[in-house]
Amino acid sequence: MAKERRKAVLELLQRPANARCADCGAPDPDWASYTLGVFICLSCSGIHRNIPQVSKVKSVRLDAWDDAQVEFMTSRGNHVARAAFESKVPPFYYRPSASDCQLLREQWIRAKYERQEFTHPERQEPYSAGYREGFLWKRGRDNGQFLSRKFVLTEREGALKYFNRSDAKEPKAIMKIEHLNATFQPAKIGHPHGLQVTYLKDNSTRNIFVYHEDGKEMVDWFNALRAARFHYLQVAFPGASDADLVPKLSRNYLQEGYMEKTGPKQTEGFRKRWFTMDDRRLMYFKDPLDAFARGEVFIGSRESGYTVLDGLPPSTQGHHWPHGITIVTPERRFLLACETESEQRAWMEAFRKVVDRPMLPQEYAGEVGGAAWGPSPMAPSGPDRLAPCPFSSGSPLQAQTLARDGPGGLRAPDSPDVAGEAAVAGGRRDSAAPDMLRWGLSASG
């Protein structure tokens, strides 16, 4: 009899909706919450065990099942449970996958089943109100210490601000929502709730690193930032669907890690740098927690003839790591070296994902992550140096004008090359492309 009940539960896994974890989408779940009626993976089952007042779990294959539990699982399943617990998930709310950090998956599960935020919309106020204020621990740029700082997010002004003192009248930094990205980086920051926020300042990419002791508080900040970007883009592009906008709210990096690189003239020795592949932008930093990028390179597609990729070891002398990568763009030949063959393969795979993907019209203009990357009219002669040229734009209240008139061209860069390492990026502006394409908001993007 016990075998028949277990067999009945196993047969439920053959239903299409039950073939993946109800919470993170991992394939072949072999655990189940017999109080919620969902099939989940091993990793998510551990989170469910931490909320026993809501969810009780069993192994589908190893544990014994009684008739009432089998009957309940048959009547529910992932499809029915989603309809009940995810009926009112805001489009901007981040739905974690199996590859996301523990914090995102835990708070998603607690929000669904414990707090029931997606059946009671009034409980979503902490991240949907359009204004948020509070204190986060921020890493100091110079001393590396984390200090408590006041942060204010205001959709009306289209900005995230932080203040060095709670009574300060002027913010230390203003980060425009249109150029802002946030991604959880617990390993890099050294805290399970660590969040990296990236923005543009003086035409250069800047980073701040923050955390909060309360995991819910940190995830609420993350979703509040996504909500602000979502509402900004809704105003800027009233004809765009949610499916067009949601992928543009935040993004994880394709690859990160240390490599060695040549200097700008390739006659210098190799330098160890921390590299980040952010869609088509390859950025390098002095170390993983550097506040600003030392250089940025736009990686175009192979089919356009923009980028040539080669995995052969670089011939330049002076590097200490043997596994090389050569990247050639119209502006520059870039020689990199990895410490191990596995790291080289991982980076080559990340680069190939980008160069093998056809470029969309907005990418010919080099517009990545809300900023435009194009030839600078002030570039020197000889090997052209190209610098980031973000659109001139203001608060969400000005977005309607931007949507009507377009970005109005590129501004000349006003920041010098940092530490002698060229910030290079490039592309061509397709003036005939529609505004939606030039802003990187096509459905196929």
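Cβ atoms here come from the backbone N, Cα and C positions, even for glycine.
Over in TrEMBL, the protein carries these features:
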type: DOMAIN; residues: 7-126; note: domain 'Arf-GAP'
type: DOMAIN; residues: 129-230; note: domain 'PH'
type: DOMAIN; residues: 252-356; note: domain 'PH'
type: REGION; residues: 375-431; note: region 'Disordered'
type: COMPBIAS; residues: 392-401; note: compositional bias 'Polar residues'
*State the mean pLDDT for the domain 'PH' (129-230).*
95
_I'd like the per-state residue tally for the domain 'Arf-GAP' (7-126) from DSSP, helix first, then strand, then coil._
54 helix, 11 strand, 55 coil
*Where DSSP helix means H, G or I and strand means E or B, what are the helix, strand and coil counts for the domain 'PH' (129-230)?*
23 helix, 46 strand, 33 coil
